[in-house]
Amino acid sequence: MDVTFDNITYTVSTGKREKKTVLNGVSGRFQSGELTAIMGPSGAGKSSLLNILTGYTTHGVKGTLAFGSSGSTNRKLCSYILQEDYLQPLFTVHEIMLMACDLKVSSDSLNRSEKLRLVDKILDTLHLSYCKQTRCGSLSGGQRKRLSIALELIDNPPILFLDEPTTGLDSSSSLYTIKLLQGLAREGRTIVCTIHQPSATVYEMFDHVYVLAEGHCVYQGSALNTVPYLRSVGLHCPAYHNAADYLLEVTNKEYGNFTKALAKAATDPSWRLAPLVDRLGGGGGGGVPAALPPCPPAYDSNHNDAIYQGHRKEVAVVVPLVGPVDQLPGKMADQSQRRPSEFAKLLILMKRSNIQLYRDWTVTHLKLFVHIVCAIVIGLLFGDSGINATKSISNVASFMVHILYLWYTTVMPGVLKYPYEMNILKKESFNRWYKIRTYFVASMLTSLPVQIFFAIVYATIVYAMTYQPCELERYLMFTAVLVLNTIVADGFGLFLGTFLNEINGTFIGAIMTCFMFVFCGFLIMFSHMSDAMRGISYLSSHRYSFEALVLTAYDDSRSDLVCPKDEMYCHYVKANTIMRELGVVSGNYLFNVVTLVVHFVAIKVVGFWTLKRKLKMG
């Protein structure tokens with residue numbers, strides 16, 4: 001499937017009324033079976049063009065784009081590999097490949113054994129078999145890049161886009177990655193990548209080069225025709241100079257402004273044909289003496305070799321992956337159209353999230369241990385405040401400690417977790433692994449039981465150690481409030497993590513928590529607040545949690561508290577005394593619980609909206 005685009009213009013806003021044109025009516029054709037490189041200096045528009053071709057950028061774009069001979073605009077047969085290799089660090093290479101295979105290929109298309117063979121074949125082809133049991137977090141840069149490519153090859157896309165695939169790799173890994181892409185292209189795929197400044201060896205391996213400068217196409221043709229092309233407009237590449245480096249120097253205007261002349265010359269389609277080393281007379285590029293082999297080398301498509309005068313140089317070893325895209329047998333040929341249902345994907349994502357939670361000891365094992373330790377310490381600190389009439393104020397204060405502790409320990413992990421998760425989600429959802437709502441529901445269904453369990457463990461310990469009323473109903477009411485407080489905090493963490501970055505999210509989360517704490521009705525009673533401040537207090541989730549805990553401990557005709565024998569007078573022996581002084585209305589427990597549920601639903605809906613907004617903004 002060829003990629004054809006015509007008169008693509010892309011503008012972005014730089015101010016209230018100012019706009020900048022990034023691409024100025026560029027046109028081109030990227031053919032199947034070829035490895036194409038989009039090049040240009042920084043700010044030339046190469047990443048913008050790639051984002052437009054993949055559909056990553058749609059706003060401010062004009063022009064036409066078509067895939068295949070039928071002129072389709074459907075991007076479902078394309079895959080996009082981003083510059084950064086965001087992978088789940090806690091899974092092994094084999095595990096992450098199998099999960100991707102389950103998300104992309106239905107069991108009706110391939111059974112389990114066939115999926116295993118497909119995964120093993122891809123890993124073997126990309127030389128990843130030896131590290132299949134290695135966790136992704138321990139892979140080298142080159143291995144991570146190859147794994148990113150392997151994940152997208154599972155459903156055998158005919159068109160593959162890559163953004164800077166050699167960034168961060170050493171020269172050896174870069175060369176191997178480009179060889180791999182060249183081999184994939186030879187199987188009939190259309191491979192398009194951006195690259196900044198390739199070495200001479202890497203540059204010669206590109207079948208087609210598309211060069212941008214100031215939003216204009218200044219060259220589109222074979223990499224082997226670069227030197228003759230530049231010579232045609234009066235630019236002579238120095239002897240033994242890397243043609244790619246010289247081309248970038250020209251586009252950076254180091255030898256003058258040749259952008260218009262090059263843009264006009266680039267419209268000649270013959271430069272993408274067989275090497276034209278003799279077009280202008282003289283063999284060889286960059287002023288190489290005639291006695292030396294022509295540079296750059298010519299390509300012989302019959303042998304997959306670079307042919308020099310008198311000798312050959314091997315450039316790639318093509319290992320068939322699952323066969324050329326237009327010659328796949330039976331099931332394989334249809335697997336891109338036969339994907340699992342969203343419900344099946346939901347179950348797979350839930351399984352993945354559960355494994356991740358189990359292996360991430362910082363948010364499971366360590367958090368559970370800290371919950372138990374902190375609950376014991378708090379229990380020892382507040383002692384018998386739940387039954388001792390002289391410690392009623394301390395008991396009420398302990399309720400605020402419970403609320404704040406569970407709130408902070410739930411919000412902050414979400415604030416720090418989601419920014420990294422967003423990068424993985426962005427990649428996987430854009431390449432149609434699953435829908436955003438499927439991920440959202442799977443994440444919620446796996447995290448909520450864990451949060452609820454941790455809250456129950458904490459609540460049980462502090463309830464017993466602070467001598468709260470020994471009544472099952474009150475214990476269940478107490479635990480329910482802390483569970484609701486925890487899951488509201490989980491939703492709040494999702495909102496902050498998807499709306500802000502880690503630093504701003506941590507700062508805003510702390511500030512908003514402090515304000516909710518102030519308006520809960522303990523540090524300053526509602527009767528002492530102005531009408532405006534009392535109105536603001538209704539927005540605080542802590543208000544409802546605090547009031548519900550007070551009602552749990554002291555409402556419903558609770559028996560008198562114990563006044564120690566060494567005390568002459570205990571003001572709070574009667575349970576309703578503390579409620580009256582705090583301004584808590586009797587019988588309001590259900591209202592507070594329902595309000596917390598409404599807060600949970602509302603913050604989850606807002607969190608889903610911010611998640612979609614973040615992904616759409618890129």
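Sequential numbering from 1, following the chain as shown.
Backbone N, Cα and C define each Cβ position, glycine as well.
Curation plays no part in TrEMBL annotations; they are all automatic predictions.
Here TrEMBL flags 3-239 as domain 'ABC transporter'. What TrEMBL lists as transmembrane segment is 368-387, 399-418, 439-463, 475-500, 507-529, 589-611.
It is 475-500 that, among the stretches 368-387, 399-418, 439-463, 475-500, 507-529, forms the most Cβ pairs under 8 Å with the transmembrane segment (589-611). Where the transmembrane segment (475-500) meets the stretches 368-387, 399-418, 439-463, the count of C-beta pairs under 8 angstroms peaks at 399-418. Using a Cβ-Cβ cut-off under 8 Å and counting only residues 6 or more beyond its ends in the same chain, the transmembrane segment (368-387) has close neighbours at 394-395, 398, 401-402, 405, 409, 454, 457-458, 461-469, 553, 561-562.
When averaged over the domain 'ABC transporter' (3-239), pLDDT in the model lands at 88.
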